[in-house]
Amino acid sequence: MTTAANGAGPAGHAPAPDGGYGWVVVVAYSLNTIVVLQLIGVFGLIFKDLFATLAMPATDIALILNLNMSFSLLLGIFTNALMRKFGYRQTGAAGAVLAAFGMVLTALSSSSPAFLFNFGIVMAAVPVVLETPSVHENEDDPMVDKEFVLTALPVLKPLEEGDAEVGGLGMRQRTPSTTSTYYTARCPSSNSIWASSNVLDMGSSVITLDDTILEEVAATPLHAEMALKAVKSEAGEDGRRGAARRCCAFIVDLFDLSLLSSPSTLNLMLGVSVASFAEMNFTVFVPFILADRGLDTASIANAMSVIAMANTVFRLLAPLAQALLGWSSKNMYILSLLVVVAGRTVLVVVDSDSGVMVVALVLGASKGLRTVFYHMIIPDSVPPDRLAAAVGLQAVLNGIIFLASGPVLGYIRDTSRNYDVVILVLNGITLLSIAMWGVEYLVQVVRHTRKKQCS
């Protein structure tokens, strides 16, 4: 079969998405977003009556929701490896099957432990692959990287005569010895016990002893064994310390943790995670907050629809707003946070259905702006070649904060018996992220001023 020019695929067919199954993939992705990814947003609307019947405390509800969000974020670090190993289609299909299975189990759940496992874990899991497919099974999938291998820690092998260690892993280059070799160290000559002892085999490393030291040790045979044991013990400790350093270096390199060595980048990521924690928890608590105000299910659904529509419209208007204001993505994100704080504060005092709808419109607009610029802050702040690592670290940081702090919000609701307190706490958390960036900005201004004065 001939192939059209410019990568258009088979002759006579347009390139994706107009050709092949391009639009089928787009529709499937849209359905996945509507059915799976949006489920957490309407989770409270669907199960609030069941939770009330079960008398489930807010602490358990918060734990279920935050476990789902954090578990999916923490497992995200393995997504790239799975897609490179098995391909996008296989990984996506396995994830879809697992999500469908989790939804069925969630619908049948009737207790806190069942919801914790079915919705908090199964619904949020990167599928566990039980059997590695062969290359032949995936040879027709262009998305599979057939040369990709999940690398392990480097293994140091004993040096042969004349070899030099390459890669800077802490082992020194060894020059050839005239008296013995690694082989004679393992298989000593019967002529002399010292003929092969200037090389000590430590399993994962080799130590070459100076001939003068050996002569001195040989001159005092009563202490020879003790001396060699001392040398081996010291070498063993050095080897363990070297292995620990290599392990740490491997982890730092694998996840590009050197990004966190920059105070500015670390502060940026922490601020984004803190703000995301407040936003996501407010989103999942909205049905419970409105139900606590006495709204029925239909009114809650209408309010959430207003939020969704405003969210969609202002996502489209976000680039235009940024162009008109001429602000950076970070400043636009801060503006959206200030708007959402104002909207939540008004929600505390409003008590009419029409007032709730107006607040829902404001919250949806701020959410649309925030969603757009949330995905632009990190790319604007790190080099392109380190973007993937930065996004992965951001996801892991979000997952840790969600899992550690989520149940605290439920506990606050249970002790205060009021969601207004929860809203105020979430506002404080959002303002904390703004304050973190504000302090950094002031420090930079002071440093710039001092530098300018000195020059």
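Every residue gets a Cβ built from N, Cα and C, even glycine.
Note that this is a predicted model, so its numbers are computed, not measured.
Taken straight from TrEMBL:
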DOMAIN    264-455  domain 'Major facilitator superfamily (MFS) profile'
TRANSMEM  21-47  transmembrane segment
TRANSMEM  59-79  transmembrane segment
TRANSMEM  91-108  transmembrane segment
TRANSMEM  268-291  transmembrane segment
TRANSMEM  303-325  transmembrane segment
TRANSMEM  332-350  transmembrane segment
TRANSMEM  356-375  transmembrane segment
TRANSMEM  387-409  transmembrane segment
TRANSMEM  421-443  transmembrane segment
Closest-packing stretch to the transmembrane segment (356-375), where packing means Cβ pairs under 8 Å, from 268-291, 303-325, 387-409: 303-325
Segment-level pLDDT (mean, integer) for the domain 'Major facilitator superfamily (MFS) profile' (264-455): 91
Proximity of the transmembrane segment (332-350) to the transmembrane segment (268-291), 3+ C-beta pairs under 8 angstroms: yes
Long-range Cβ neighbours of the transmembrane segment (268-291) (under 8 Å; 6 or more residues past either end): 40-45, 48, 58, 61-62, 65-66, 69, 260, 299-300, 303-304, 307, 330, 333, 337, 340, 344, 347, 356, 367, 370, 374, 377-378, 381, 390, 393-394, 397-398, 401-402, 405-406, 409, 419, 422-423, 426-427, 429-430, 432-434, 436-437
